[in-house]
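The structure is given below, and queries will be raised subsequently.
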Amino acid sequence: MASPSRVRLGWEIVIVLALSVGRSAFFSVLSFLQALTRDVGLGEQSTSLNPGAATVDPWSVVSQAFSHLFNLAPVALAIYFLWEPGRSALRRIGLDFRRFGTDAGTGILLVLIIGVPGLGLYALGRALGITVQVGAAPLDGAWTAILLLTLAAVRAGLTEEVIFIAYLFDRLRRLGWSTWTIILSTAALRGLYHAYQGIGPIFGNLAMGIVFGWVYHRWGRVMPLVIAHVVIDLIAFIGYPLAAAWWPTLF
């Protein structure tokens, strides 16, 4: 019979996931299954990232900005659970600025390792008709759109890396899971989290989860992963629409 501490820890994990990435992964899989049952193939379907960011209405901008901030509550909850008396959880998981230069350099290196092949995998998936067309929000709102998309990127980076990596690694270790079981299971959950985008992104994010999990296991700092994730999302959210606007013949 499991000890009360293990039962409590298991329920804690379930609650954190149900409030954050687990809930999103569940509905992402439902969306993927629904897409598979449609009369048209995945390659002929599309989805949008942050469609509301194109607004110029000031009240909508304010509402969306605060929505991104409130959506970080599960991240704060996960960090709260990781906190121990006399020991900062932020310092323990490496979510601080003590080594920001090194973290930033590692993050950019991860962008090159993960981001560039990820774009190629997306293009391959589109060519094979197994990935839906993912459209970024237009930048019609100028600086307000860039602000909202930046907030969305920061929220996604913190949510996925703190919960998928820092939180789950700590909790699953306490349950006795082996390192590679943790890396592969969290990577699989990350892949399902992006299932609504199609088969290509599932495997792309699975690979990303394996690399990020190994990096965290090796160095024990989540900040480089957050930086890499934010940069990758900024390229997807802002870089692509700008490039398409400036060089329409190439995109």
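Each Cβ is built from the backbone N, Cα and C atoms, and glycine gets one as well.
As listed in TrEMBL for this protein:
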| type | residues | note |
| --- | --- | --- |
| TRANSMEM | 12-33 | transmembrane segment |
| TRANSMEM | 65-83 | transmembrane segment |
| TRANSMEM | 104-125 | transmembrane segment |
| DOMAIN | 143-235 | domain 'CAAX prenyl protease 2/Lysostaphin resistance protein A-like' |
| TRANSMEM | 145-168 | transmembrane segment |
| TRANSMEM | 175-193 | transmembrane segment |
| TRANSMEM | 199-216 | transmembrane segment |
| TRANSMEM | 223-247 | transmembrane segment |
May I ask for the residues of the chain that lie six or more residues beyond the transmembrane segment (65-83) and have a Cβ under 8 Å from a Cβ within it?
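Here the qualifying positions are 12, 16, 19-20, 89-90, 92-93, 95, 147-148, 151-152, 154-155, 158-159, 162-163, 166-167, 170-171.
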What mean pLDDT does the predicted model reach across the domain 'CAAX prenyl protease 2/Lysostaphin resistance protein A-like' (143-235)?
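Its mean pLDDT is 95.
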What residues elsewhere in the chain lie close to the transmembrane segment (12-33), defined as a C-beta under 8 angstroms and at least 6 residues from its ends?
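Distant Cβ neighbours of the transmembrane segment (12-33) are 73-75, 77-78, 81, 159-160, 163-164, 167-168, 171-172, 189-190, 192-196, 198, 202.
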What is the three-state DSSP composition of the domain 'CAAX prenyl protease 2/Lysostaphin resistance protein A-like' (143-235), stated as helix, strand and coil residue counts?
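The domain 'CAAX prenyl protease 2/Lysostaphin resistance protein A-like' (143-235) comes out at 84 helix, 1 strand, 8 coil.
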Go through the chain and flag residues at least 6 beyond the ends of the transmembrane segment (104-125) whose CB is under 8 A from any CB in it; none is fine as an answer.
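For the transmembrane segment (104-125), the sequence-distant neighbours (Cβ-Cβ under 8 Å, at least 6 residues beyond its ends) are 131, 134, 198-201, 203-204, 207-208, 211-212, 215, 219, 223-228, 231-232, 235.
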